[in-house]
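This structure is in structure tokens; I'll ask about it shortly.
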Amino acid sequence: MEVMESTLAEGSSEGQVEMSAADAPTEKLLDSMETDEPLGDPDALPLPQKQYFPNPYVASVTTQAGSSDSEAMNMPPALHPDATPDVLTALKRETVNLCEKIVANCKPTDHQAPWDVYSGYSGLARLFLKIHECDPACQIHGLSALKLAEQYMDTAIANCNSFLRQLKDAKSVCHDVGYLRSQAGVWATGALIYHHTGNSERSAFCLEQLVSMKHMALSANCPQDFSYGRPGYLYGLLYVRRYLTNAHETIPNDLVEAILSTVLNDGAEGAQRQFYGPSDRRGYKMDFGQTRSPFIWLWYMERYVGAAHGMAGALTSVLSVPSSLLEAVNEAKSDDMPRLEPAGEEERAKVTPVERALKYLQRRKLANGNYMLRIDDTRTNASQLFEEKESVQFCHGAPGVALCLCRGYEVFKKEEYLTAAKEAADLVWKRGLIRKGVGLCHGISGNAYLFLTLYRLTNDIAYWQRAQCFANVAINWDTTYAPQLTSDRSASPAQKYGLFDGIGGLAHLMADMGFWKEEVFVGFPGFADAFLE
């Protein structure tokens, strides 16, 4: 293994540039319009080619989960509407098949391979750690899953160090700190994997590297989204603290509170200030005003809603913080927050700023049941609703928002959030077999995780059935569905193997389902699995 280096980049921001008042156009051509009602009726608009395959199982399943007829359900071959031994065996076998394909096509020692969690070897290392936790005896091409996890992790660190050296030699900077898309994911994942292999020295080094990024995470130049920014770094800290008991000394409460407070400060500033955003797709400038949410986060000067770059991602990280720390920071923020809710509503005044933001997110719902792409999309820029109408995927749309609502239900114990998540799941059931592949981010496996999450929360077998149906489609993707794709923009790219953009995500889903009886499922990997009960 290459000697692990400590090379961190810092400097000024690129991309997120705030326009001054002097740069703003003199004439406002569009006004941002908020509403608490479902936004518009995009069904009235002409649609491009659908971005999803029709669900072949919908016709034989009642639309409301909880009243589905198991006997009438047209279940896939080798699957059955329950976690029977035969079903679990089939799922475990498919997990091994997928892992063998990944190892055959992604050599563990490839020093040209990407290194991040999203599409690179850190994500594959995390996948094989998952396989090891499910079945320590599992062998892939003659190697244990833990050994493969270690090999992929060694290569990820070497390749990441090479990238950091190139940055330093070029006198360039990188402000990314999110778990999925930056070196933070390398160090967080490495800390866990080397702990499992018994290499305490390497585990401690990775942990120290992760913590040493705090100055980047607290910098004004740090992005604000989950994938690249502060909320993703907060997730990485919580993820390690959950699984490494000794990490609480290296990642103290003070550090978690500092990152959490800065995340909330970002949100408070984004909600209150007015600025001119980039042109929309029709060439108009939009004047973004204050919102009725205490927190709104920005991604390249746009206010997204979804899990990857918007409110849902930031709020899920915030709601994953231990309740004692969250309450302390939330109480301090309550003194500063402007009361943007209508006056005279005593019950609302009792709701914390974080929950008020969650309620605001819940109301960003479109008439068709999906969620807005951006907060500032309105009826007047309806051309932007094309993508929203059909984007039913983790990164943008109902699946990622619903996962956030599920976390809100666990924290605040209010049925309204669970009900909203169930409604989103009904939309995902109808339109979630998207044409973009089988990965976690914008693929069928990521959508299936919403069903598993609801099954854990409700114990309603219908959600397990739905997850099985999606899993079957994903398993048969190459032979049945990929040949139907055309050259349109929604078609899947070439076969990928990463955790979030390829069959690595499907293998993770198969492991969670195949070993369901062992209670290995925690939540959506890399997003909603860092909280402590």
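Cβ atoms are placed via backbone N, Cα and C, with glycine included.
TrEMBL annotations: computationally assigned, not manually curated.
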Of the candidates Cys222, Cys395, Cys404, Cys406, which does TrEMBL annotate as part of the Zn(2+) site that also includes Cys441, His442?
Cys395
In TrEMBL, which of 1-48, 241-288 is labelled region 'Disordered'?
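Here TrEMBL associates region 'Disordered' with the stretch 1-48.
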Which number gives the other C-beta atoms within 10 angstroms of the C-beta of His442 (Zn(2+) binding site), all protein chains shown included?
25
Please identify, from the binding-site residues Cys395, Cys441, the residue with the sparsest Cβ neighbourhood, meaning fewest other Cβ atoms within 10 angstroms.
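With the binding-site residues Cys395, Cys441, fewest surrounding Cβ atoms within 10 Å: Cys395.
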